[in-house]
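Chemist: Once you've had a glance at the structure underneath, I'll fire off some questions.
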Amino acid sequence: MSDVFNLVDDEDEFLLQDVDHAFMLSPPLPNVPGTTSEPPVLLATLPDAPKIRVIVRKRPLNKKELERAESDVLECDAAASCLYLNAPRVTVDLTPYIDRHSFRFDDVFDEHVDNDQLYERAIQPLVGTAFRGGKGTVFAYGQTGSGKTFTMSPLPLRTAADIFNIMAQPSHGGLSLHVSCYEIYGGKVFDLLNGRAKLEVREDGRRQVQVVGLREVAIGCLTVLQQLCDHSAAARSTGSTGANDESSRSHSILCFALRATSEPQKTLGKLSFIDLAGSERGADTYDNDKQTRLEGAEINKSLLALKECIRALDADARHIPFRGSKLTEVLRDSFVGKNARTVMIANVSPNSGSCEHTLNTLRYADRVKEIRKPGSADTASREQLVQQGPPQPAVVRQQPAPVVDVPTANARTSFVDASRPIARPANTVGGFPVGSAAATEAPAPAAPVAAVPSVRQQPATHFASAPTGNATRRQTASMFPEGQQEQAQAVGTTSAVTSAGRNELSSSIMAAEDDLITAHRHHIEECMGSVRDEMNLLANLDGSSAGGDIERYCRELSGLLAQKQASLAQLQLRLHTFQELWRTG
Ligand SMILES: Nc1ncnc2c1ncn2[C@@H]1O[C@H](COP(=O)(O)OP(=O)(O)OP(=O)(O)O)[C@@H](O)[C@H]1O
């Protein structure tokens, strides 16, 4: 059990018990919502949150991007919860064209949506979750500078305001609110309310994960919470990266616990707010010192593990890979259980210079939600979208010439999200367009879902329908024993899967297949970036007369080679996992 420091005696007086004076420095909060003048928040009116909700938030172009005359590549259709990314590309003959990618999420917030609106639409239901004895977890995911901290920092205050409001109602008395803040940096845990003390994570006798010695503060008003948040933000590790001078390299976690005031102070509900480290950190080709690379590897590992855990939870998988990283290990308790609710906020930058990172963020978010089980409300709305058919892209490829920038081959299907997860049309394979060029430019509307059972449940189908021209898929298909390929063909595209066990197996194979494809795509992106960087490196060397530059050349080449090795190793791991699953399945 964590130490509890009662900071607050009544609304105005602080009892400083071994807590930094920094908490006293901020001025009191003016007119904070949730104070007594606010109308009561009625618990009964807060809807139950869905188990997993993935939303996207776009920030506006900033001053520097406007000065550089960067274009806004993101188009939001909030009413349809759709987001379109118009990626500028060039063909080998240097003809520019737009590559349009389409996604659908549970909610899409454009640059005009403010923090209050976001809170009310996406986060407030979690307050109900906590009072009903559940656990809520909110993540902000995205590239450095995409708005994670901007989005996350007001949420605890708004949430606490509602919590205090409800606690002030006689029917919800006898509870107190406790806060703790910590950071995971390089796989280690640091207490942000206790001088960055290094903490150990252990399992107790009841197999509950405990962050041993984590300082927890009981709070009675928003002013103290604000001071604690300011203090923890200042204590958070920041450092400079190639992309952003103030980039966060750590995951920061703020936890609320609603406890009974009477002994033994049983915990009723929990809420966690997690501002994740910049998602691009593992692939930042400009940062090549060992420390930064190690940090990047750790961040990559934890973000991958996080995605895997959420996916496994959504699929009710028996094994959830919590041990994959420190982040998922410490969050295990918040994730599991019938009353656990998760909101993933994918933050995206609109500028053309961030296009590839934005695409990666959207794909990550898409993967988190894409295996939603049929029958859930969200799946139903996705099915509806499929039935209606994907919207025609406003801008399509103008030139059939070979493309220089290959990584987005998958996303050239006009409506990635609609065509892949629910009723993947027969002319797409793992999201890759197959067959005629027409399918690539504007796929025909998919047949109604009722008539086309989820192709995702038929892993073999993908290989059976692989186009002869698609080398990657041909090679993938050839990995499998002949019998299984025949079986795959026999399954066909429309036959229903009747056995529940087979369904479960199929969906895990499907997930592994998609992971492999995603990893492969990512690997290609990295290779392309790496080739560019290597050519620049050589050009710089050729262009310089000073012999001293060879040192820099060696250092940077060494960094690039290490990155290539890491990318290759990750792809090999995915391939191995998939092959194993296929063999044993
Ligand atoms: N929706 C928004 N509206 C207005 N400004 C925003 C919005 N989102 C972000 N910003 C601004 O963009 C800048 C970068 O945002 P922020 O620091 O939140 O990014 P981040 O993703 O947390 O970056 P890092 O990973 O480096 O911490 C900040 O100046 C912030 O005020």
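For all residues, glycine too, the Cβ spot is worked out from N, Cα and C.
Caution: TrEMBL annotation is automatic and unverified by curators.
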Chemist: Can you identify, from 223-252, 373-402, the stretch that TrEMBL calls region 'Disordered'?
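Modeler: Checked against TrEMBL: region 'Disordered' maps to 373-402.
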Chemist: According to TrEMBL, which listed range is region 'Disordered': 141-172, 461-492?
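Modeler: From TrEMBL, the annotated region 'Disordered' range turns out to be 461-492.
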Chemist: Does DSSP give Thr144 (ATP binding site) helix, strand or coil?
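Modeler: Thr144 (ATP binding site) sits in coil per DSSP, no helix or strand.
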Chemist: Tell me, if you would, which residue among Gln143, Thr144, Ser146, Thr149 (binding-site residues) has the fewest other CB atoms within 10 Å in the structure shown?
Modeler: Thr149
Chemist: Would you identify which of the binding-site residues Gly142, Gly145, Gly147 has the most other C-beta atoms lying within 10 angstroms of its C-beta?
Modeler: Gly142
Chemist: With a radius of 8 angstroms around the mean position of the C-beta atoms of Gly142, Gln143, Thr144, Gly145, Ser146, Gly147, Lys148, Thr149, what other residues of the same chain does the ATP site pick up?
Modeler: Arg59, Ala140, Phe150, Gly278, Asn347, Ser349
Chemist: Running a distance check here. Ligand 1 versus the binding-site residues Gln143, Thr144, Gly145, Gly147, Lys148, Thr149: which have CB less than 6 Å from one of its atoms?
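Modeler: Thr144, Gly145, Gly147, Lys148, Thr149, in sequence order.
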Chemist: Averaged over the domain 'Kinesin motor' (51-371), what pLDDT does the predicted model reach?
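Modeler: Here the mean pLDDT over the domain 'Kinesin motor' (51-371) amounts to 87.
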